[in-house]
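K.L.:
Below are the C-alpha cells for one structure; questions will follow.
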Amino acid sequence: MATPLEDPSLERHFRGHRDTVTSVDFSPVMTQLASGSMDSCLMVWNFKPKMRAYRFVGHKDAVLSVRFSPSGHLVASASRDKTVRLWIPSVKGESTVFKAHTATVRSVDFSSDGQTLCTASDDKSIKLWTVHRQKFLYSLTQHSNWVRCAKFSPDGRLIVSGSDDKLIKLWDRQTKDCIHSFHEIGGYVNHVDFHPSGTCIASASTDGSIKVWDIRMNKILQHHAAHAGAVTKLSFHSNGNFLITSSEDATLKIFDLLEGRIFYTLHGHQGPVTAASFSRNGEYFASGGSDEQVLVWRTNFDKLSAGCVLGSQGSRDGSSAELQAPPSMEDIPSRVQKGRASPISVRIDPAPASRSMDVDADMMSDREFHDPPTAIAGTVNDSRPRTQPLEAKAVPAGLTKFMEQIAGQLDILTQTVSLLEQRLTMTENKLRECIDGQQEIRLHIKSTD
C-alpha cells in the first residue's frame, strides 16, 4: 500500500492576479515564488508566515515569463510590451527596464553564473544581454517564425530554443552557430527545457505531446501523446527522473522518465493550466492557470528515488539507469478522470498501484509553509507495487533512413524559405527607397514651381 507521504500534496494556494497566470518560478533559497500574468503585473509571494505578497507594476502589457537569478537577488520579467525588467524582489520593488526586441518578448532566462540573460521574441530572434547594465551581446536569427522559448544549458555552453516554425534549435554560445535542429512534426513548440544532466532536452507541443531528445545522439528518446489539449509548460525535477507538464486540458501531469510512463495526473485548476515549475531542489512544484490562481504543492514522491539520479546514481533497484524510450513511442495511458474541476478542489490520479485522494485547498491554504528540510542522502525503500521497466523496441533501419531523408529535405526547405524572406525584405527596402525618392522629386518640383 502507498503511504500518504508518497503522493503530492497541496500546500498553499495564492489569489491576487486579475487575469491568467502565465509563468511561475521559485527563488533558489525557497523563500519566495514569482508569478507573471496577463494582468501586466508581477507578483512575488513570500513563504514566511505573516509576510504579505508584493505586487510589482511597471509593464504596460501582459507579463509572459518570469525567472529568478541564480542568487535569488533579482527577478527578470518578459512582456508583450517588448521590454524586459529586472526587479529587486523586496517591498520597494525597484526595477530597471530595457527594450529587448521589436515585438513581444516571450521568454527570459539567466545563465547558471547569473551574468547573462537570454530572451526570445515574436521578432523571430533570440538575444543575449549582460545582466550588469543590460548590454546587448548578440542575436541568434535562424528561426523563421515566433520564438516561444529559449533556455541556457546547465553548464551555460548551449542554448535551446523552440519556435512556431516547428523547429527546436541547439545553439553553441561560443561560435553562435546552430549545431542541430530537431523537427516537430505535429504542432508548434510552446516550451523547451534542458535535463539537469545537460544531455537531453524536452519539448512541449500544441498537439498535446511531450518529447524528450538526446542531444548527444540527436535522436528522440521518449514521445508521450498524453494531454488532450496544448501543452503550455514543462519542467524537469532536479534529480532528472521526473518531468511535470501543464496543459490547456486543465491538468498537470508528472512523468516517470525512468519507466517511461505517466506517474500522476493532477486536477486543481478550473480551466487551462498555463504554468508549471519545480523548485530548484525538487521539494515543491507550483502551477498557475486561467483561473488566476497559483497553487504550491509538496512533491513527496521524489523521496522514492532519493538514491537514484538519472544517468549518474543508478536505478531504483541499484542498477545502472539511463533515460530510454518506452516500448510504444505513441500514447501512454493517461487515466484522466472526467470529474469536476473546481478552483478549490484538488484531485490526484496516481498510477494504478496507488490510491486516489481529494484535498480541500481552503483547508491547506492556511498551513504554515516551512522551509524544505535538507535532503538526506541514501536510497529510500519503495513498498509500492510497480511494473517492470520496459525495454525500447528497435526502429527499423529503413524507417530511420527515410525519416533522416525527410528531416534533411525539411531543413533545406526551411533554409530556402528563410532565404526568400531575406530577399523579400531587401526588395521591400529597395521599393521603399524608390517611393521615398519619387516623393522627394515631386516635392522638389513643386517647390521650384
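Every residue, even glycine, has its Cβ placed from backbone N, Cα and C.
Feature annotation from TrEMBL assigns coiled coil to 403-430. Summarising the annotation, TrEMBL assigns compositional bias 'Polar residues' to 313-322. The region 'Disordered' annotation in TrEMBL covers 313-342. What TrEMBL lists as repeat 'WD' is 14-48, 56-87, 98-139, 140-181, 189-223, 224-265, 266-297.
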K.L.:
What stretch, picked from 14-48, 140-181, 189-223, 266-297, has the most CB pairs under 8 A with the repeat 'WD' (56-87)?
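P.N.:
Answer, by Cβ pair count: 14-48.
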K.L.:
In the same chain, who gets a Cβ under 8 Å from the repeat 'WD' (14-48) while lying at least 6 residues past its ends?
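P.N.:
Answer is 54-68, 70-72, 75, 77, 79, 85, 87, 89, 233, 272, 274-281, 283-284, 286-290, 292-296, 369, 371-372.
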K.L.:
Could you give me three numbers for the repeat 'WD' (56-87), the DSSP helix, strand and coil residue counts?
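P.N.:
Split by secondary structure, the repeat 'WD' (56-87) comes out as 0 helix, 18 strand, 14 coil.
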K.L.:
With DSSP, how much of the repeat 'WD' (98-139) is helix, how much strand and how much coil, in residues?
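P.N.:
Counting residues by DSSP class gives 0 helix, 23 strand, 19 coil.
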